[in-house]
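Quick notes on the structure that follows.
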Amino acid sequence: MAADDRKLAAPKEGLPVVPWAPEEGPRPDQEAQDQVKDRGQWNNKMEFVLSVAGEIIGLGNVWRFPYLCYKNGGGAFFIPYFIFFFSCGIPVFFLEVALGQYTSQGSVTAWRKICPLLQGIGLASVVIEAYLNIYYIIILAWALFYLFSSFTSELPWTTCAHSWNTEHCMDFLNHSTAGTTGPSENVTSPVMEFWERRVLSISPGIQHLGGLRWELALCLLLAWIICYFCIWKGVKITGKVVYFTATFPYLMLVILLVRGVTLPGAYEGIIYYLKPDLLRLKDPQVWMDAGTQIFFSFAICQGCLTALGSYNKYHNNCYRDSIALCFLNSGTSFVAGFVVFSILGFMSREQGVPISEVAESGPGLAFIAFPKAVTMMPLSQLWSCLFFIMLIFLGLDSQAAPEERAAGASDPRHLSHVLPDRALPGH
């Protein structure tokens, strides 16, 4: 008998007539949509895409991936890289975004909704982000210091005629020194002394604490203030800021790419970057570097992807978004390699040394190798400003997203779900 027939059938004598009605209450998707509206949500898909792109595309794409390619067999490194890309990167990336979108919660409460025993995963991600926020913003302070130092008639790391230079300083381009250093003594470059003595002011040993670097302290304060105003109203302001902060680095990257490939020696640098050495695939370290780069570059296990995905609409196609963002991230790393090694090839030709002697990674590339390269170019102040502006914006989005995530996780309204009342202030 059909359902409608059962409802219309006459009841047996003596039994009350109870009209059938569907169960009341919100559907899971409707409940999730209501939660998103209460917490705030992206105005459109582009805000979400740019926010995630700004989070995952950072300094590691510029100064780590190209060096790993050169170190681990050039083009051969792409074999383990893409194996981890498809087998680990995209699936876990999609998992974290989908988890946030489905639950409309940050990583701590999202994992608690899935299984209370797993809420420790979310808490651990908050701890990781706390450590990241502490050290990552220091890099922004360094970049701001270099940017301000670039607004001079002559870049301060060009010559040895400054108070922080020692008698061991030698300008290899102009063959000038700051003292009477003989050819047999160890010499240093002005860019190295600017980094170690002017910026970091490295002390003679661990027993010497050194003085306060007030210029760096002010740059650090400025970096914190900028990050604060990027997230102070949640996704309402963050979604607008990323239109500039996430796209401007690409403009700078294209400008530096055009400049880099037109420099003499750029071709040799690019060949050094891509030349495959298949024998390197026998080394387990190559595979470890590939897997590490995928997890590091995709911001996996940090909770940010879950938090950013939680502001999506419930029916958003996060699967398509995740695949597109993963390819965008790796594509940016690949293009950045052309920028980096075209400039390193130029440095190699200008100094007459092998590329292996000028190849750097990490802060050494950003604050030693590239500043040294711009001193060899016309309009060096312009290229220095463009490079460090790009670094600042790359780091800004990667810093702001974990800060917003950590701030949300530390809200007592959220902690009340995972901690006992007596552990919260005022209880």
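Numbering starts at 1 and runs along the chain as it is shown here.
Here the Cβ of each residue, glycine as well, is placed from N, Cα and C on the backbone.
Whatever TrEMBL says is automated annotation, not expert-curated.
Residues annotated as region 'Disordered' in TrEMBL: 1-36, 406-427. The compositional bias 'Basic and acidic residues' annotation in TrEMBL covers 1-10, 24-36. What TrEMBL lists as transmembrane segment is 48-66, 78-99, 120-148, 214-235, 247-274, 294-311, 323-347, 379-396. If you look up TrEMBL, you'll see Gly54, Asn61, Ser297, Asn329, Leu394, Asp397, Ser398 marked as Na(+) binding site. Annotation comment: TrEMBL describes Cys160-Cys169 as disulfide bond.
Among the listed stretches 78-99, 120-148, 214-235, the one sharing the most Cβ pairs under 8 Å with the transmembrane segment (294-311) is 78-99. Ser297 (Na(+) binding site): 22 other CB atoms within 10 A of its CB, across all protein chains. Apart from the site residues Gly54, Asn61, Ser297, Asn329, Leu394, Asp397, Ser398, the chain places the Cβ of Ala53, Glu55, Ile56, Ile57, Gly58, Leu59, Gly60, Thr332 no farther than 8 Å from the centroid of the site's Cβ atoms, the recorded Na(+) location. Residues 54, 57-59, 61-62, 136-137, 139-140, 143-144, 146-147, 150-152, 155, 158, 226-227, 230, 245-246, 248-249, 252-253, 255-256, 259, 366, 370-371 of the same chain sit 6 or more residues outside the transmembrane segment (379-396) yet have a Cβ under 8 Å from a Cβ within it. Burial estimate for the recorded positions (Cys160, Cys169, Leu394): highest at Leu394, by number of other CB atoms within 10 Å. Packing against the transmembrane segment (247-274) from elsewhere in the chain are residues 50, 57, 66, 69-70, 74-75, 332, 335-350, 355, 359, 377, 383, 386-387, 389-390, 393-394: each is 6 or more residues past its ends and has a CB under 8 Å from a CB in it. Mapped onto three states, the DSSP output places Cys160 (disulfide bond) in coil.
Outside the transmembrane segment (78-99) by six or more residues, the chain places 52, 69, 107, 110-111, 114, 281, 286-287, 290-291, 293-295, 298, 300-301, 303, 305-306, 308-309, 312, 318-319, 321-323, 325-326, 330 with a CB less than 8 A from a CB of the stretch.
Every protein chain considered, the tally of other Cβ atoms within 10 Å of the Cβ of Asp397 (Na(+) binding site) stands at 25.
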